[in-house]
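Some notes on the structure that comes next.
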Amino acid sequence: MTIQRPKGTQDLLPGPIGKWHHLEEIIRSVCREYGYEEIRTPIFEATELFQRGVGETTDIVNKEMYTFPDKADRSLTLRPEGTASVCRAYVEDKLYAQAQPVKLYYVGPMFRYEKPQSGRYRQFHQFGVEVLGADKPVVDAEVISLVWDLYRRLGLRDLEVHINSVGCPTCRAEHRRRLRDFLAPRRGELCRDCQERYERNPLRILDCKNPVCQEVSRGAPTTADTLCEDCREHFGEVQEFLTAAGVTYRPDPRLVRGLDYYRRTAFEIMVEEIGAQSAICGGGRYDGLVEEIGGPPTPAIGFAMGLERVLAALELQQNLQDREHGPFAVVVALGKEAQRQGFSLLSSLRQAGVPSGMDLLGRGLKAQLKQADRQGARLALILGDEELKRQVAILRDLTLGEQAEIAWPDILTTVSAKYKEEEEK
Ligand code: AMP
């Protein structure tokens with residue numbers, strides 16, 4: 001039996017990978033413009049980091065982690081998300097001692113043992129941003145407008161940006177009390193997880209996907225009803241800054257991030273067209289997390305965006321094309337000596353930065369030209385015995401179908417100039 005890839009994973013093949021490169025290039029250029037620097041953390045971490053950093057009561061930690069002992073019996077986990085690792089690095093690498101805030105981004109694979117379906121994988125990719133060491137509302141707005149700008153640059157339409165404030169520990173205590181009072185008469189109808197959440201963290205009941213729990217919690221008091229003066233002011237300012245930056249958003253009092261270390265701003269971005277898994281980005285302020293994993297008290301905010309879902313949405317909306325990365329020029333050499341000369345020319349072209357190729361299978365002239373055409377090459381440089389003798393090549397423009405002789409000393413400058421011209425188009 002042939003060996004197959006693990007369930008919930010994908011091979012990203014040479015054609016479609018062009019879309020990934022396109023997306024990643026735009027991500028990197030937007031991050032550069034916003035002054036965010038890349039951080040790369042390990043793919044696996046001590047399991048305890050996620051238990052503390054993501055939260056023991058979450059589905060991610062309880063049900064979805066790829067956890068294994070290493071040969072020295074340490075418990076390790078493939079990272080299910082990026083924020084905990086970034087916070088660990090902030091503490092371990094003493095980034096808190098640098099000028100604040102520290103503005104970071106990451107792009108990479110994450111692993112969750114979830115039920116695979118369209119838009120949900122066991123290995124998927126996230127782009128995420130974290131700002132550590134700043135608590136002002138303008139930071140929240142900057143993070144949201146970064147992702148908004150990114151979508152605009154990608155040409156993604158019909159986005160819904162939902163924002164809310166989940167308050168701070170002070171006002172959340174009052175919300176918790178009101179929420180328990182509201183749910184108490186129908187507590188027995190809640191799912192088993194929510195029965196437990198009722199005791200430990202009733203806010204998370206508002207986030208439950210179970211239809212019965214959703215029905216029971218309809219009309220429940222929202223955090224908006226209980227925000228303290230400071231949280232209300234913070235939320236108001238975030239909205240003012242978002243409006244100033246031209247971001248269209250919708251306040252959504254049912255949007256919650258239920259863990260204790262979440263404070264104030266929470267947001268989620270949806271594209272309804274891609275179906276059940278419509279969330280393409282989620283984020284919020286997590287002022288208590290760095291302290292939770294042993295660092296100094298540090299306000300922080302961030303988001304994570306699912307790359308598979310963004311690509312799915314782009315494809316639906318604009319038939320994002322596979323981008324082939326074929327050669328620009330192809331050396332068509334006929335005969336042993338021509339191959340040697342051609343190989344030397346090929347290497348000069350590549351060193352000059354022109355993507356170039358040459359036949360590797362010993363094909364004849366017609367087959368080589370056909371292959372060049374299939375690869376989308378723009379130019380062919382044909383070298384046969386006759387051309388060798390006269391130290392020339394035939395330069396054929398494969399799109400226009402025109403050709404002319406060119407002397408060897410002129411090849412590099414001519415082809416480089418044509419490549420530059422094409423790149424600038
Ligand atoms: P989260 O870390 O759960 O807040 O997720 C942030 C974003 O990552 C979501 O909005 C999705 O776009 C994406 N995402 C989360 N889980 C998966 C998954 N299993 N497969 C694909 N994308 C995912």
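Glycine is no exception: its Cβ is also placed from the backbone N, Cα and C atoms.
TrEMBL does not curate its annotations; it predicts them automatically.
Annotated L-histidine binding site per TrEMBL: GLU81, GLY82, THR83, ARG112, GLN126, GLU130, ARG257, TYR261, TYR262, in sequence order. Residues or ranges marked as domain 'Aminoacyl-transfer RNA synthetases class-II family profile' by TrEMBL: 23-355.
Annotated features taken from TrEMBL, shown on the structure.
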{"residue": "GLU81", "record": "L-histidine binding site", "DSSP (3 states)": "coil"}
{"residue": "GLN126", "record": "L-histidine binding site", "DSSP (3 states)": "strand"}
{"residue": "ARG257", "record": "L-histidine binding site", "DSSP (3 states)": "coil"}
{"residue": "TYR262", "record": "L-histidine binding site", "DSSP (3 states)": "coil"}
Check: So which of the binding-site residues GLU81, THR83, GLN126, ARG257, TYR262 sit close to ligand 1, that is, with a CB under 6 Å from an atom of it?
Finding: GLU81, GLN126
Next item on the list: List nothing but the largest Cα to Cα distance in Å, as a whole number, among the residues GLU81, GLY82, THR83, ARG112, GLN126, GLU130, ARG257, TYR261, TYR262 that the record says bind L-histidine.
Entry: 22
Next item on the list: Just jot down the residues in the same chain as GLN126 (L-histidine binding site), at least 6 apart in sequence, with C-beta under 8 A of its C-beta; none if empty.
Entry: GLU81, GLY82, TYR106, VAL107, GLY108, MET110, ALA304, MET305, GLY306, LEU307
Checklist line | Whole-number mean of pLDDT values that fall within the domain 'Aminoacyl-transfer RNA synthetases class-II family profile' (23-355) | finding: 92
Checklist line | TYR262 (L-histidine binding site), number of other Cβ atoms within 10 Å | finding: 22
Checklist line | For THR83 (L-histidine binding site): intrachain residues, at least 6 apart, with Cβ closer than 8 Å | finding: GLY53, VAL54, GLY128, GLU130, TYR286, LEU289, GLY302, ALA304
Note to self: These are the binding-site residues: GLU81, ARG257. Which one scores highest on other Cβ atoms within 10 Å?
What the structure shows: ARG257
